[in-house]
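Peer 1: Sharing the record's features from TrEMBL:
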- 69, 70, 71, 72, 73, 142, 143, 144, 145, 146, 147, 148, 173: (6S)-NADPHX binding site (BINDING)
- 70, 138, 176: K(+) binding site (BINDING)
- 12-234: domain 'YjeF N-terminal' (DOMAIN)
Ligand SMILES: NC(=O)C1=CN([C@@H]2O[C@H](COP(=O)(O)OP(=O)(O)OC[C@H]3O[C@@H](n4cnc5c(N)ncnc54)[C@H](OP(=O)(O)O)[C@@H]3O)[C@@H](O)[C@H]2O)[C@H](O)CC1
Ligand SMILES: [K+]
């Protein structure tokens, strides 16, 4: 049994609900900003630009955003990556109509001159070449995914699976296609090079292959008492870091 602290999908949803409930009063936007910021930091830690040639610095970070909040984390991450000196490009094939907020995140990307591919972009794979792409950020589905995967995401994830041995994939919170509690029990499912668990790792993270996948926790937004109430200790983040490598 792994010593990793994990919380079930049910508990993760309860934690989110309480954080955004009337007593604590975080907004989704606040948590998503910190979540996306953490993922951008994990990309920097894993793929530092320092000592890279100009050609390598120009490589794309290809962010694929899904229709829910996991996708929102990806949109925020892309904006921070641009500020950190990376060259992000966003593919957002099914845009959320849930709230105005998602449109605002896209406007912000336009403001930062981060390309957002059109929804019906057929040539998105052209942007995914090992010589042109530093890594892929998988912000397609997080803890609310329920198989079987529907289109257009099934075809997209199948293509990513073919590429993942050549271009490293950074998965946000849950590798896309994995059951949040039981791991990769259905196909297609991504096998990430990096997993960034948010707030606290979900049980699926115990199914990553330790030698293959670097595991970070991010989303540094809960105090000790609150973590203890949900049965875990806070993570030992250093200084102002938003991520911790586990
Ligand atoms: N406290 C935190 O840790 C925070 C985490 N955040 C991130 O939010 C996600 C969870 O976000 P949520 O919106 O609940 O869900 P997802 O993004 O995982 O997915 C929902 C969308 O996915 C569609 N979906 C689900 N299953 C399928 C399928 N089989 N095929 C196609 N599409 C699917 C679903 O569509 P519906 O039509 O079913 O509604 C939704 O559109 C968490 O993992 C973190 O990444 C937040 O940023 C807040 C802080
Ligand atoms: K994901």
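Along the chain as shown, residues are numbered 1 onward.
Note: Cβ is positioned from N, Cα and C throughout, glycine not excepted.
Model, not experiment: these values are computed from the prediction.
Tell me what's around each of these sites.
Peer 2: For residue 145 ((6S)-NADPHX binding site), the same-chain residues 6+ apart in sequence whose C-beta sits under 8 angstroms from its C-beta are 174, 176, 177, 178, 179, 180. Mapped onto three states, the DSSP output places residue 145 ((6S)-NADPHX binding site) in coil.
Here residue 138 (K(+) binding site) comes close to 64, 160, 169, 170, 171, 172, 175, 176, 190, 192: these same-chain residues lie at least six apart in sequence, with C-beta atoms under 8 angstroms from its C-beta.
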Peer 1: Please give the average pLDDT for the domain 'YjeF N-terminal' (12-234) in this predicted model.
Peer 2: 95
Peer 1: Please check the binding-site residues 70, 71, 138, 145, 147, 176 against ligand 2 and give me the ones with CB under 6 A, sequence order.
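Peer 2: Only 70, 138, 176 meet the Cβ criterion.
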Peer 1: If you count Cβ atoms within 10 Å of the Cβ of residue 73 ((6S)-NADPHX binding site), leaving out that atom itself, what do you get?
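Peer 2: For residue 73 ((6S)-NADPHX binding site), the count of other Cβ atoms within 10 Å is 32.
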